[in-house]
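Quick look at what TrEMBL lists:
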- 56-81: region 'Disordered' (REGION)
- 61-71: compositional bias 'Acidic residues' (COMPBIAS)
- 72-81: compositional bias 'Low complexity' (COMPBIAS)
- 124-146: transmembrane segment (TRANSMEM)
- 167-191: transmembrane segment (TRANSMEM)
- 197-216: transmembrane segment (TRANSMEM)
- 228-246: transmembrane segment (TRANSMEM)
- 318-339: transmembrane segment (TRANSMEM)
- 360-378: transmembrane segment (TRANSMEM)
- 409-426: transmembrane segment (TRANSMEM)
- 476-494: transmembrane segment (TRANSMEM)
- 506-526: transmembrane segment (TRANSMEM)
Amino acid sequence: MAAPAGDPASAAAAARAVEEARALLPASAPAPDYDDDDEDLEERAYEAAEKVIVSISDGPDPADGDGDDDAAFCSSSGSSTPPFSWRKLWLFTGPGFLMSIAFLDPGNLEGDLQAGAVAGDTLLWLLMWATAMGLLVQLLAARLGVATGRHLAELCRDEYPDWARRALWLMAEVAMVGADIQEVIGSAIAIKILSRGYLPLWAGVVITALDCFIFLSLENYGVRKLEAVFAILIATMAVSFAWMFTDTKPNGKDLLIGILVPKLSSRTIRQAVGVVGCVIMPHNVFLHSALVQSRKIDQNKEYQVREALRYYSIESTIALVVSFMINLFVTTVFAKGFYGSKEAGNIGLENAGQYLQEKFGGGFFPILYIWGIGLLAAGQSSTITGTYAGQFIMGGFLNLRLKKWVRALITRSFAIVPTIIVALFFDTSDSALDVLNEWLNVLQSIQIPFALIPLITLVSKEQVMGVFKIGPNTQAVTWTVATLLITINGYLLMDFFSSEIRGPLSGSLLCVAVLIYASFVMYLILRGTELSEKIVKAVHSSFS
């Protein structure tokens with residue numbers, strides 16, 4: 001006989017049963033959907049009502065999202081994944097394109113134009129392979145989010161001890177602010193160009209901050225509406241930079257050679273490092289692992305997870321092919337116009353439009369304004385995704401249950417206040433802005449291990465991923481890519497600091513900082529391995 005609904009003893013017994021069931025789960029495993037009030041205390045990337053239903057069912061109620069037809073097909077055919085569907089690919093399309101914005105932000109565009117002006121078309125092959133490495137990392141982030149139902153920041157909160165979690169959160173926030181400053185400044189430069197200099201840089205910063213909230217408010221009308229806005233912004237970039245590409249008439253033969261034939265010289269090594277360094281944006285790894293949860297997927301049904309991974313892989317690949325083409329357009333335009341010229345070493349984001357105007361003239365529509373429109377679309381879209389990423393990072397690491405507009409306001413303030421100060425200080429100097437960009441690139445390069453290492457560690461753990469953990473071969477490839485990226489960025493850092501740091505005191509402080517930094521990176525790599533356990537035991541025994 002069932003106990004009465006209001007029986008306190010029954011309620012207490014049920015609560016104990018739920019807690020016992022949870023205790024049996026691995027610490028990082030996704031919790032089942034218990035009907036329990038404690039579930040509301042857990043931070044989520046998306047609430048259930050916000051998620052897009054992606055299952056296609058012929059049953060009486062397609063809106064229930066159970067995917068009964070797909071389950072029946074898998075059971076009858078013995079397949080672990082339902083058949084491919086163009087309609088489902090369309091329903092899954094969105095998160096990958098939002099992720100691809102980080103490959104097109106103003107910092108990347110500046111790296112493209114400088115690579116083209118200094119190295120010509122010779123680094124296009126590196127741009128292609130760097131994009132491929134970026135795709136691998138982003139597919140791992142998507143895999144983590146889909147298989148666990150939680151994003152990277154949430155999993156880091158459970159995986160690492162309190163001190164390490166807070167350090168990772170601080171690093172992620174610093175990287176976020178650095179990227180955001182570049183994105184907002186890029187958007188403000190575009191507004192200055194399109195207003196013919198009437199609006200100063202600081203005014204562009206304020207406008208960008210305000211319209212970011214306007215765009216983000218579209219999420220209240222559904223995730224797909226916000227994704228449509230990003231589709232328009234990406235299309236604007238593609239049309240603008242393709243227009244510039246056709247206007248400048250680059251040499252097709254040089255273009256193909258640049259893509260297919262690897263070339264690297266000592267004169268272009270810094271640009272090469274910049275091209276690779278721009279590929280991995282730490283905040284973008286956190287972002288993509290959260291965005292994939294905008295679709296309604298039951299992690300307890302293996303066929304649904306496999307299906308989601310397949311569609312997200314296709315969508316992310318298409319999105320990064322589009323981003324590669326846009327980056328290629330920018331690089332080849334500046335290679336055509338300025339490679340081998342005396343202006344090549346002086347071109348930056350601030351003066352690029354004016355150089356283009358002087359080189360290629362007006363035409364039907366002045367190339368200065370085409371550049372300004374493309375840059376504005378890049379700045380606006382990356383600023384919005386940056387704010388989005390900041391919400392996930394803060395909410396995931398700190399488990400903050402705040403309204404989205406409150407988190408957006410906090411995240412925006414972290415970047416807008418220093419950006420306005422930067423805009424007021426650097427508004428009169430192109431070279432000063434270039435120096436600032438160099439420091440911001442260094443700031444983000446420092447943070448790369450603190451996103452990459454936890455990501456690879458988590459997707460390799462069976463306790464976290466279950467049957468979806470990556471195999472030994474994939475682990476070897478991903479660790480190789482991570483090592484390559486960290487080494488390249490390490491070279492960039494050494495090159496930068498060797499020219500900027502002078503004096504014994506500064507050198508000593510830098511050595512101490514490097515030692516602390518390297519120790520934390522090694523901790524993240526070795527944590528949970530047999531070697532780290534032996535080291536801990538040895539240290540413990542030496543002090544006991």
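The chain as shown is numbered from 1 upward.
Cβ from N, Cα, C; glycine included.
Values in this document were obtained by computation on a predicted structure and should not be read as measured data.
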Do the transmembrane segment (197-216) and the transmembrane segment (124-146) share at least 3 Cβ pairs under 8 Å, sequence separation 6 or more?
no
When you check the transmembrane segment (228-246) against the transmembrane segment (360-378), do you get at least 3 Cβ pairs under 8 Å, counting only pairs 6 or more apart in sequence?
yes
Among 124-146, 167-191, 318-339, 476-494, which stretch has the most Cβ pairs under 8 Å to the transmembrane segment (360-378)?
167-191
Who are the long-range neighbours of the transmembrane segment (476-494) in its own chain, taking Cβ under 8 Å and residues 6 or more past its ends?
133, 136-137, 140, 270, 273-274, 276-277, 279-280, 441-442, 445-446, 448-449, 452-453, 456, 459, 470, 521
Mind checking which residues reach the transmembrane segment (124-146)? Cβ under 8 Å, same chain, six or more beyond either end.
45, 95-96, 99, 103, 112, 115, 152, 155, 255, 258-264, 272, 275-276, 278-280, 284-286, 288-293, 297, 299, 305, 308-309, 312-313, 316-317, 320, 323-324, 327-328, 331-332, 452, 455-456, 458-459, 464-465, 468, 470, 477-478, 481-482, 484-485
